[in-house]
Amino acid sequence: MSVLSGFLDRLFLLFGSIGVVLSLTAGVVLVNKSRSAIKSGQNAIWNIFLAVYLLTFGIRMAKSLFHYYYTINSAIHTLFLSLFFAIGPSLWLYTLTISQPAKKFRPAALYVHYLALLLAVLLIAVIPEYGTPNAWMFYLTLFVHGFIYCIYTLFWIRINKDIYTKDEKGKKLKNWLLLLNTATLVIWSNAVGIYFGVIPFYPGSALVFTMVMIVLISYMLKHLWLLYPLPQKYKGSELTPSFISTHEKQLEQLMDEEKLFLHQELTLQKLSERMKITSKQLSQLINQTADKNYSLYISELRVQEAIALMKNEKYKDYKIAAIAYESGFNSISSFNAVFKKITGQTPVAYRNSLPEATN
């Protein structure tokens, strides 16, 4: 082995190890976070499935790197291959549970998806070893199993798109799930390419795995709210997707077209009566779709209205107090406080910063 090839060999080992460390560390963190959430009575089951996903991939790659340098018993090799049966179910169950955090699932309905993994472990002695004439059947089963789960998960996301269009977080969640599924398909495709000799195992597998893990972990760190369990306040929520979709549109219509937020006497109770739902349901609806409480939701709409009026030529001679009352506020003091809290500026400072009023 030349000096250059030896250097590259160690460089690829280092790069592959980075992916292993990232996935295993993230998996352990998720397990600990889930345990803490469960102890406090909160739902965190999706973190468990994501942890299984990351830990399985990390263990698989660690085994592959080890196997490249050292011989591994064929039975142990097959056992580690069987871990692939945990990837597809974990991906699907993670998508299902994080997309419907308030829904209660029967444990049996979830864990039955790991039946293939259990059977593979129990039948390890009769599974054809790598290199034997019938080994292709086991590999084919692994690949088909994984691709079916990935494709079905993508299909489920597509047909349930209303879940992800409620608010900005919903859109980001959808992007995250699509990224996770795409990453999984890339790793699966890489595995198929290695099996058929199209892609060299080393460094191909190590490079792909580490790059995928860097992308996934970076996204998770940028959007840490993905890891947080459902707030205790709404644990056990029974608002269905259809209820949310219907009443979210109704709420938007009342705010956009009728501009009910301009009514100074508007309250949570009055608005819920207008929508023919309970105040608790309305509060929860706003919390889940806009990620804020009723008071902040209405205040932001009123501030947006005030800003629009300040930019309008017709209102250039209006005093700040008049703008406040036109926007739905019932006092200048509350208007000043809320405006500064939301925009970071007082109404006067904001108006003075405008280049000129426009119509």
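Cβ coordinates come from backbone N, Cα and C, glycine included.
Now, the feature entries from TrEMBL:
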TRANSMEM  12-32  transmembrane segment
TRANSMEM  44-62  transmembrane segment
TRANSMEM  74-96  transmembrane segment
TRANSMEM  108-130  transmembrane segment
TRANSMEM  136-157  transmembrane segment
TRANSMEM  178-202  transmembrane segment
TRANSMEM  208-228  transmembrane segment
DOMAIN    252-353  domain 'HTH araC/xylS-type'
- Task: By DSSP assignment, list the helix, strand and coil residue numbers for the domain 'HTH araC/xylS-type' (252-353), in that order.
- Result: 75 helix, 1 strand, 26 coil
- Taking residues 6+ outside the transmembrane segment (74-96), which of them lie with a CB under 8 Å of any CB in it? 46, 49-50, 52-53, 56-57, 59-60, 63, 67, 105, 110, 113-114, 116-117, 120-121, 124-125, 127, 129-130, 138, 142, 145-146, 148-150, 152-153, 156-157, 177, 180-181, 184, 191
- Message: On average, what pLDDT score does this prediction assign to the domain 'HTH araC/xylS-type' (252-353)?
- Response: 91
- With a Cβ cut-off under 8 Å, give me the same-chain residues at least six positions beyond the ends of the transmembrane segment (136-157) that come close to it. 78, 81, 84-85, 87-89, 91-92, 95-96, 99, 116, 127-128, 164, 174, 177-178, 181, 184-185, 188, 191-192, 195
- Contact set, same chain, for the transmembrane segment (108-130): CB under 8 Å, 6 or more residues outside the stretch: 45, 74-75, 77-79, 81-83, 85-86, 88-89, 92-93, 97, 137-138, 145
